[in-house]
Structure formats: C-alpha cells, structure tokens
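One structure below.
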Amino acid sequence: MNIKSAFFAAFRFLGISRNSFQQHFCTSASVENSRKSLVGAIVGIAISLVPLLVVQVVIDGMISGITGRIIELSSYHAQLIDFGNYEDPEFYISEAERLEEFENIVSAVPEKNGFVIAVGREGRLGGTLRAVEGSFFEDKAVKKYMYPVEGSLGFSSSRSILVGKEFSEKCGVKTGDTVRIFSMKKNSRGILVPKITPFIVSGVFSSGYQELDGLWFFVPFETGYSVLDNDSSRTLIGIKTQNPYKNISSIVQFLRLESKSGFSTYSWQELNRSQFYSFQTTRMLLIFIMMLILLVASVNISSALVMMILERRKEIAILKSTGASPGYISFVFILIGLFAGISGALIGIPVGVICALNVNNLIKIIEFVLNSFFKFINLFNGTGEYIPLRLLDPAYYLEEIPVHISIENLILIFTGTVILSFLVSIVPGIKAGKEKPLEILRKF
C-alpha cells in the first residue's frame, strides 16, 4: 500500500473514479447520506470564508484609510511641538525651511492651532482652528486625502478660511460667506477676553471622514497669531518624511538633536498610540469571531467523516483483510477531510474576494433594500418622518471603504483552512484505522 493507492481509495470512497463517476454523480437517487453530509461540510466552509474575507477587507480598509488621513492631515509623520512659546511667526517659518534641507525630510510646515467656536448663517460649531502655511495644501498626500467641495484649497487673502463639509452643511455656509470665529485672547492687561474675528470662506473641503471634516477650520499661519492666544493654543512644526512607516524612530531621534531648545519631538505612533491600539484590538477581535465560525464549519467535516466510516465499514474491513494497515486507513480518511477543506477554500475564497471587491456597492444595495422595507412599514404605522438607515454612518466611518486584497492574507486563510480540516479529520481517521475486519465481515 502506497500514497498513490491511498489517493485512489480516497477518491473511490468519495465516488470519484472512472467506473463510479456516472453511478454516483449522475444518478441523484443513489447519492449516499455520508456524501451529502460531506458536500454540506464543503458548502459550510465556503460560506464561512466569505464573511471572514469581507470583514478582514473592510476592517483593513477602514484602519488604513483612517490611519492615512490622521497621519497625513492631522498628526504629520512627526511633530516638533514648541513649549518655549516663541512669539514671532517668522521664526517658525525659517525653522521649518531649515529642517527641510535635511536628508529624508520631505517637508516641514509650521502650524498654530487651538479650540474655537465658528458661527455661520444657520448655526455654530466648535472645532480646532488650524493656522498653516499655504504650502500645506500642496503636499501630495494632502491632495490625495483632502479635496475641495467648493472653491479651492488655499488662501486668497489673510482673512480667508477653509471649512469642512460637515460645518458647511450644518451651518448653511458656502464659498463667499462670512464665518465669525470666537476665541479667547489676552488683552493689554493680560486678561483673557472673548475675541470675534470675521473670515470669508474661500473653500469647503472634505477628507471623506466626517469626524475630521467637522473639527477643522484652516486660516493663514500669521493670521492665527492675531486670533489664538499663546497660552491656550499650541505651535508646532509638522514633519513629512519619505515613508512614515519606515525608520521614523531614527528620524525622530535625529530631529531631537537638530531642533532648537524648547521643542519636543514626537512620532505619529506616539501621538496616536491609544487610537491605533484600539483599531488593532477591534480588528483582532472581529477576525477571531470569524475564525470561530470557520472552526464550527470545519467540525462538520468530522461529522461527515464519521458517517462515511459507519457506512463504509465493509469496504474498510476488506481493505484491512487484504493487508492495509491501520495507519493507511487513517491516512485515506484524513485525505478525504483535506479534500473537503481544500474544496471549501477553493470555492469560498474566490466568492469572498468578489464580495470584498464590491463591498461598497453591496452595502448600498443592502441599505436600499432595508430602507425600502422600513419605509413601507412606516407608511402603515404612521410614526412620522422616516430617518434613513446607514450601515456605516459617515459620522463615524469613512464615506468610501478603501479596498485592498492582500495575497499574503489569502494564502494565510487558505493554509489555515487546510490545517483546520486536517486537525478535525484526525480523530475520525484514527477511529477508521481501529476498525476490526473480522467482526465487521461476520455481520455481513
């Protein structure tokens, strides 16, 4: 008995052979219950792989999309935060120009930010006033993640302001309108008093992530000094490198040595540690839940093999009486389990990839179906105006999920499925190898 004969025996048990193909697969009345169970196990594995792949793509897309926006638009790759309170804006501009001359530093942008209240025609909203140089909007990554809804990304005058899409919609503001900024500023006697500064909207922007759109207002860097008080605001120099995920620690160490006194340097990992830890924890938890579903589906292979062993006891006895060892019999049924796992993976992974690539359209279709149903119910209940359901509310998630299929992840999922199939096939395989041919043949 060799490996080739073991494969032959496994295929015969499955009904796959030259002589038995038509008998077992073309005549539905003769299909055995054990084989039906095995087909059910294959389908179960395939179905369980689809949500696993979709969840992984959605989570990875959300995390990478939000992370990219936070790094490129908010925290930069690194920050030099000033605790020395230099009052001359020209100092920060010249210091940023000096830092840009170093190797691996793509850009350095001075910024002053603080909390303000912005008032539009139809409402008001609190957020962060970010005073930046116009070069901030020329960065390639900024152009990738931030786009103009109205107007342009830039300042036409010292009294220009850029507002987010969410603020524009909530407060009824569009390009050319006046927005008043309420801030706290020390007077000549050193007392903090309210200060109202009018600005003209030069553009409305969106980053595809409403949590950021509603929090930011951009004004020219030097204008920020007349609006924000030094004690209630923060001044920094944002650093962009060639790759924020590579050698950022060594670059931060270099900046700490080269920066002027009063500056503290932090990488984007240090500035967003708790948020990214939460992202990774959520990702691992969801994937763990999906893996449990796959494990339950794999157990069906074990059940199907047990049924097949009970049904094929006579064939097992004949094989053992002709010299087949217990290990050989066990190997045959483990091969059957592996066949089921591989078949399920080969069906489920392509279907999962197709669903993942079209996940944004699938979400829209599901939302349309659910909203149509609930609207129909609402007409009969008369409960008032219906608020549309959003599966992924843009207030908390990205408006469009970035989709990226990782070949490494597909290989990992396929390998994991095969390993699970192997593990759940071991016990039934050992049971088949322990069958006693003499006792079985006496019954027949």
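Quick reminder: no glycine exception, Cβ is built from N, Cα and C everywhere.
Because the structure is a prediction, the values reported are computed rather than measured.
Annotated in TrEMBL:
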type: DOMAIN; residues: 41-230; note: domain 'MacB-like periplasmic core'
type: DOMAIN; residues: 287-436; note: domain 'ABC3 transporter permease C-terminal'
type: TRANSMEM; residues: 38-59; note: transmembrane segment
type: TRANSMEM; residues: 285-309; note: transmembrane segment
type: TRANSMEM; residues: 329-356; note: transmembrane segment
type: TRANSMEM; residues: 409-430; note: transmembrane segment
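If you count C-beta pairs under 8 angstroms between the transmembrane segment (409-430) and each of 38-59, 285-309, 329-356, the highest count goes to 329-356. Outside the transmembrane segment (285-309), and at least 6 residues removed from its termini, the chain residues within Cβ reach (under 8 Å) are 13, 33-35, 37-38, 40-41, 44-45, 47-49, 51-52, 55-56, 59, 316, 333, 336-337, 340-341, 344, 416-417, 420-421, 423-425, 427-429, 431-432, 435.
Here the transmembrane segment (329-356) has Cβ contacts under 8 Å with residues 6-7, 9-10, 13-14, 38, 41-54, 56-58, 297-298, 301-302, 304-305, 308-309, 316, 319-320, 362, 403, 405, 410, 413-414, 417-418, 420-422, 424-426, 428-430, 432-433, 435 of the same chain, all six or more residues outside its ends. Shown for the domain 'ABC3 transporter permease C-terminal' (287-436): DSSP residue counts in helix, strand and coil, namely 116 helix, 0 strand, 34 coil. On the 0 to 100 pLDDT scale, the model's mean across the domain 'MacB-like periplasmic core' (41-230) is 89.
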